[in-house]
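Quick notes on the structure that follows.
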């Protein structure tokens, strides 16, 4: 079971490829796609979907897992992030890959044992669970890894 | 100037191809894409984007115009509609077609002269402005035509 997990965003978009083999989770790849605020939204969206399309082609995952966000303080940002999510759902469907969506609470619960765990607890658990050898600069990348771990915890490998 | 206008939705999605030539607006095509509530969201989204991709290939529009929605009572529906919008923005960008977004107020204002015009007034004005020969079953289709008219009113043809 190989999953491409994405923490959707148009400024920073965390991506992670996580695998479960012989009962053991493994981090195959992770990155944070970054776009420039100088570019228009369609250009930034296109950069994100183009990068994710390359990951779909390169890793041929069995599933795409995305974070689902209902509520937020900033309605405009929430709308744009939803737009990124939609483009990614459509992208995965075009590649014939099923999409799974998890709420932030589900991700925290699966990655750190509690739906109200803080970011530090999640990161600590990810390091305990996985060999993370690369330097991770942005939380979005950890978020993507956590989403991937959530999906692996939900499916039988 | 040929514009593909879309009133984004995953249950019903209004689409219209509207043209301005020699100072006169003309309705080239309109339809309402409908999907089944029995299908999953990714399947419904894919049906909408596949139908719109066919329109982009068939009509080669100069622009795609979309309705932009910020506020709504139902947060979950708003999120899903935003996801459709995002997939359509990405689709247009992949086809090299620029995307323009208009708020409901801008559409009412352009199509019926007032940002607070009601649906009936908008429909009446559309019939006065365009030769609409086909039977239009759903408001979503009128909405798409109105979005197209809004774009034509904003650009020099």
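Any Cβ shown, glycine's included, is placed from N, Cα and C.
Just so you know, TrEMBL annotations never went through curation; they're auto-generated.
Copied from TrEMBL, the annotated features are:
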ACT_SITE  A:7  active site
ACT_SITE  A:67  active site
ACT_SITE  A:140  active site
BINDING   A:7, A:140  Mg(2+) 1 binding site
BINDING   A:67  Mg(2+) 2 binding site
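All protein chains shown were included, and the count of other CB atoms within 10 Å of the CB of residue A:67 (active site) stands at 23. Taking the C-alpha positions, the distance from residue A:7 (active site) to residue A:67 (active site) comes to 6 Å. Between the CA atoms of residue A:67 (active site) and residue A:140 (active site) there is a gap of 11 Å, rounded to the nearest whole number. When the active-site residues A:7, A:140 are compared by the number of other C-beta atoms lying within 10 angstroms of their own C-beta, A:140 comes out lowest. DSSP assigns residue A:67 (active site) to a strand. Annotation note: residue A:140 (active site) sits in a helical segment as assigned by DSSP.
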